[in-house]
Amino acid sequence: MSNSPIQAVIFDWAGTIVDFGSFAPTSIFVEAFKQGFDFDIDLEEAREPMGLGKWDHIQAVGRIPAVDKRWNEKFGRSMTNEDIDAIYAAFMPLQKAKVADHAEPILNAVEVVNGLKDKGIKIGSCSGYPREVMDVLIPVAADYGYQPDYVVATDDLPQGGRPAPFMALKNVIELDVTDVKACVKVDDSAPGIFEGHNAGMWTVGLLLSGNEAGLTFEEYQAADEATLEKAREKARAKFIKSAPHYLIDTISDLPEVIVDIEQRLAAGERP
């Protein structure tokens, strides 16, 4: 076991470690709006606020101008908290039923994580999923070989979830990390990158495996370089405001970033 200056890497779940393209939550948001109110949203609208907790996500979808316009046309008002509660109530059982189908780790994720563990680096994690969904996902992911040292769900903490730093900092506390600048936050969405910045960590955004590119694994594998570059540009645009320290395609590219951060820490740099 080598002695890395990095104490912990904190991963998001869907689109980062499991569920290439982050399709489990996206398709179910579409279904929940339909089931709750017979109201149609498309996949792009469902993806727009990804990374937030799921109640906040539903609220944010309702605030998208085009969605708000259609909602007003159908119901004569903007979406209320009671409406959000009803959609969330439809979302939860759908998500619990489907999340295990999207629990397979992204290519090389388990190998990369195990390589970090071999260096003595602790593995934290946090998710926009609520705890009752995580309770379904965690054991299935473990069967595939992914076992982080700690997991925080978006509704675990009274302070709330992203983009605030609380979930990341809960990992710091539970993993006995002594210095936030010795931590790396890896995520496929802007709110998760803001979370890492707000917690004082190095941040790594994923361009192609997650929500922002919205590719299936099959599309990713079949794509030519021009198609991938177009997807990268689409994702980069979503990450501009959150300004991650690093942008890479997928978790497969993380080891080189870890080496670079180790060198920067050894030279006295901070995030």
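Just so it is clear, glycine is given a Cβ too, placed from its N, Cα and C backbone atoms.
Quick look at what Swiss-Prot lists:
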| type | residues | note |
| --- | --- | --- |
| ACT_SITE | D12 | active site, nucleophile |
| ACT_SITE | K54 | active site, schiff-base intermediate with substrate |
| BINDING | D12, A14, D188 | Mg(2+) binding site |
Residues that sit under 8 angstroms from A14 (Mg(2+) binding site) by C-beta distance, when 6+ apart in the chain: S22, A24, P25, H102, S127, G128, Y129, D188, G210, N211
Between D12 (active site, nucleophile) and K54 (active site, schiff-base intermediate with substrate): CA-CA distance (Å): 14
Field: D12, D188 as recorded positions, winner by CB count within 10 A
entry: D188
Query: What is the number of other Cβ atoms found within 10 Å of the Cβ of K54 (active site, schiff-base intermediate with substrate)?
result: 24
Message: Can you give me the residues near the recorded Mg(2+) site, meaning same chain, not D12, A14, D188 themselves, Cβ no more than 8 Å from the center of the site's Cβ atoms?
response: W13, G15, T16, I17, D19, S22, M50, G51, S127, G128, D187, S189, G192, L206, G210, N211
- line: Per DSSP (helix/strand/coil reduction), D12 (active site, nucleophile) sits in coil
